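Enquirer: As listed in TrEMBL for this protein:
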REPEAT    42-74  repeat 'ANK'
REPEAT    75-107  repeat 'ANK'
REPEAT    108-140  repeat 'ANK'
REPEAT    141-173  repeat 'ANK'
REPEAT    174-206  repeat 'ANK'
REPEAT    207-239  repeat 'ANK'
REPEAT    240-272  repeat 'ANK'
REPEAT    273-305  repeat 'ANK'
DOMAIN    345-597  domain 'Roc'
REGION    388-436  region 'Disordered'
COMPBIAS  392-402  compositional bias 'Low complexity'
DOMAIN    952-1033  domain 'Death'
REGION    1052-1075  region 'Disordered'
COMPBIAS  1057-1075  compositional bias 'Polar residues'
Amino acid sequence: MESDQEELIVSAMLIACEEGNLAGLDQLVTLHRINLNIANRLGETAMHVSAGAGHYDIVHYLHMKGAALDIGDRRGDTPLFWAARQGHTTVVSYLTNEHINVNTLNRSRETALHVATRYSQLETALILLENGADISLQDEHGETALHIASWHGYGQLLAALCRFGSYFEIKNMDDETALHCAAARGHIECVQSLLDAGASVDALDQNGQTALHLALRRSHIDIALLLITRGCKLDNQDENGETPLHIAARLGLLSAAQTLCHLGAAVDIANSNSQTPLHIAAKEGHIELVRCLCLFGASVLKKNKDGLTAEIIALAQEHTQIGSLLAKMKSDQTREMYIEQLCPLDVPLRRIKLKVFGHTGVGKTRLICALQSGSVIGSLIGAVSRRFSDNPSPSSSTTSSPSRDEGLNTVDDTVESNNNQKTSRRRDPPHAQYTRGIDVQNVTLQGCGEFSVWEFGGYEPYQMAYDHFVGNTDCVHVVVYRSTDPTEVQYKQVLYWMNFLKGRVTPSEPIGHCGIISRRSKVVFVGTHATAALFPQKNNDGEYISSDGDAMLKTVRLRFETHFDICEQLILLDSTHSNCPGMKSLKAYLAKARETILLRLQKPLGLLDTCVQYLSGVRRQHAHFPVITWPHFTTIVRTDVNPLAGDSHCRQLIQQLQLIGEVVYLRDEASELDYVVLSPEWLGTHVLGNLLSAEFLSRCRINGCYSTDDFAPIYPEIAEPADLLHILDTLQLCTPTDSNGEAEFEFPAFNVLDPPKDVWLRDRPSYVYGGVRVLPMRGMERSLQSTFPRIQVALRRSMHDFQDPMDADLVQWAGCSKMSSGQMEALIRLHGDAVEVQVRGPCEIATSCFYFLEDITNLVEQAAQEVAPGISLERHFLSPKHLREHAAVPAVYAPETIMAMQQAESLTIRNNQEGEELFTDVVCFGSRDVAAVLTLGIDVGVAQLQLASRCELAALLDPADAMGRDWSILAVKLSLTDQLPEVDSTGQSLSRTDQLLAEWALQCPETATVGRLCSVLEELGRQDARDALYRTVPLYLFAPLDEQPVTHLTECGDSGVVSSTQSTTDPRSASTLSR
């Protein structure tokens, strides 16, 4: 009975200690005079329990009452172990300050440091280390705290342990060091810490394996490469005689094998079975590894213990391609030839592209002919006859004056008016001999070198496809205009093509001084038809001078210098005189630009010239349809040109073939099967030049829909018209669609049908309305009009992604589409320079209407950016009140207005017609559920600013301001004065503004928001920079409905439509600016 009472008292004491009940504990101790060191059946005392619970006051009380601090429980764990395991730093500090032995071992030979490390208690471990904990002590498995941290991947903790001693050579019972453990488990941060602290990379475990062996066996490539770069021995053999290269060969670790070979690893070492890495790779079927080994001299004649060569082993495993490859390697002379072809030459590429742009009738073709040596008239006749040999001649009844300014016509007249005849949408040919699509020819210009000249026709329908051929910066761009045209026309044309090029070039980082992007494209302006009568003044070199032209050049250079390296001289010439001073000046520029570009490009592979010669024969074999798949191309290269060409060589080869204009590489994101067009001229002229020509557009089907059988007569020489349709689908000029169960392809560019008058009737007065206009950033007008057929392709493709396709519908006309999902309707149409999206639906599903509008607007933006990734897009919201009233000119809420409203913490927005509406009505269809999940644009982090926004700020704030309102004062305002010297030290190589914002986002992630930055800019008096931000940052961010708590949603599910499968923009970001 007395024993039971004693157990109850002990239990009560332990409970009080665990709960932190100091008053209760004191009462028990006072009333019952308890032995404070008494333990339960597990050997746990009050001190253990209170230390494990982290109750410092009770630990102190017990100590003052005489309780032992270093008593062990049944496992030998002292209170220090208990506190360390749970990370109670206050208790651990108290115990260590009482001078207890921090290196006491429990029954598993663990110390408190082992325990703290195993449970990832960083602060506790540091306290123990600072109070003398010995990191060299080993537990019953021979493991130190270093082993434990390495095994579990505790990077920060391991880095701290490394600072307190260099015991990296200690091995556990398996003879593994801490580095072995980290490498085997794939913890690269731990490997990095150990190597930085001096751990040996070549220590061996009980199986003779280094850390590199273990990393490769578990396919931790990143760790293997790190160990290799840190100088580990590459040819260590384990107990089975295997080197790291054997392991890489067995597992197919190509990048590791390539690195090992590049750094000199022996390729012919045999393991205990007399197998070399080549034997193993051949047996496992890793053909890329076989190529790699052969490339670095592996012997194909070596035999294993069974007397088999790698070739025989491969054939026995039915790896016939490998067997064939190895058979070709038997001749050392042949192999050396193949290897030499895969090495870069000492000479540059022999040719680069020269891309010529300009409106129809400005004289692009004549200029190209004049650049070539020989007779100008003869060259012109040859070019024209070559161009039309592949295309139907335009009817004489459709010709017009060559001087027609076709390119400046907008599509507004044909899109906005529904009263015009259907034929009004057909564009007449500008003149009889206009360039069809893209004319491609290789020419040698006297004194300039060799160019692949790509002449882009100015006829507007062609421009929807040009993005597939424009965007690379390693070429020269020539923008041509007629110097006889009025100055205003010249300026508009040059501005149009510069905006066109800017849109098609993807800007890249880093951002330079004043927002200049890296690798700017080279551009030169050429005015044709120049005469002495028109320009009586000449410079010392006899070249024409135009004050108006120079003013235009200065303006354009200032406007586009961040993206383009524009020639400092405006070149005026007469193309009928090939030796005129202007022509000489142009050739001099082309020669210099060519040399500059070639210097920054990789030297060509020796394989390139051989491949070019071979492809000429392949073109003849595929004359009617010169397109092959990427796998077919690589097979041809390896079978008929060079069997050692690996994937990396083929990628380098195709890049160089494109740079010299030999092929076009088409990437199909949907099917992930890419294509190589062997004849750019065929694609540019015979296909695009025909399908989008005025002649074909005048007779194509008015709804733009073709079955495979209907399409076949257009190209009768192509045996499988479906193959061509697939290429056009890849180019996003058409898309498959089901029409009454029959597969058809829809070509929106062919569609000339007007939308019906009842497309958007005033019969939904009780519906909620919302709308957005997606506009190109100011200064980039007319950038979206040629993209609308591509947007319609994306809309059609999106129909396959509806949750319930039977519940959705899409009807498309010229410049207009109507999509419905359940009771919701959306109207998508061209409106001047904008794409307008209107959505309406019953008020009880207002939340779904919001997501429907977001999904479609995102799709529009993503499709536009696939065409022109350099175009910055803005969202302008339409007045829901005016949309409900079907106002002819609804009021608009510009992005800067919405951002200013957020900054002012207002609930209403004022539109451009002086009206006011609630933000929730304008953006959220009145849905409070939507408003509750929005993150306002002013709360978006600066770290999320997109490249265009950052370039704008750099362009505005990097230049020194007369009143000091530049990046330096911004740094002071953002409390970043300590970073000023470091930022200033980069000079003009990098944008100082961009560096400051990155540093601010890093140091103050919570407060570094768009709203705070705008406030600072306003304080600086830099409203221009603030407004630039307002126009280019997301107006809000949101999460899709399916990620919101169900309790917050009182309305039905989302719209059902999802973004384009080829898009890259985050659908959660509703941005005024798209990437």
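If you go along the chain as it appears here, the first residue is 1 and each next one adds 1.
Glycine too: its Cβ is placed from the backbone N, Cα and C atoms.
All TrEMBL annotations are machine predictions without curation.
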Enquirer: For the repeat 'ANK' (141-173), how many residues does DSSP put in helix, in strand and in coil?
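Expert: Final tally across the stretch: 16 helix, 0 strand, 17 coil.
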Enquirer: Give the nonlocal contacts of the repeat 'ANK' (240-272) in its own chain as ranges (CB under 8 Å, at least six residues past its ends).
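Expert: Same-chain residues near the repeat 'ANK' (240-272) but 6 or more away: 210, 212-213, 216-217, 219, 221, 224-225, 228, 234, 278, 280-281, 284, 286, 288-289, 292-293, 295-299, 302, 304, 646.
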Enquirer: Run through the domain 'Death' (952-1033) and tell me, per DSSP, how many residues are helix, strand and coil.
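Expert: Tallied per class, the domain 'Death' (952-1033) gives 53 helix, 1 strand, 28 coil.
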Enquirer: Please indicate, using numbers and ranges, the residues of the same chain that are 6 or more beyond the repeat 'ANK' (207-239) and have a C-beta under 8 Å from a C-beta there.
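Expert: Tertiary neighbours of the repeat 'ANK' (207-239) are 177, 179-180, 182-184, 186, 188, 191-192, 195, 201, 245, 247-248, 251, 253, 255-256, 259-260, 263-266, 269, 271.
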Enquirer: DSSP on the repeat 'ANK' (207-239): how many residues come out helix, how many strand, how many coil?
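Expert: Split into helix, strand and coil, the repeat 'ANK' (207-239) gives 16 helix, 0 strand, 17 coil.
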Enquirer: Helix, strand, coil residue numbers for the repeat 'ANK' (174-206) per DSSP?
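Expert: Tallying H, G and I as helix, E and B as strand, the rest coil: 18 helix, 0 strand, 15 coil.
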Enquirer: Helix, strand, coil residue numbers for the repeat 'ANK' (240-272) per DSSP?
Expert: 17 helix, 0 strand, 16 coil
Enquirer: With DSSP as the yardstick, break the repeat 'ANK' (75-107) down into helix, strand and coil residue counts.
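Expert: The composition, in the requested order, is 17 helix, 0 strand, 16 coil.
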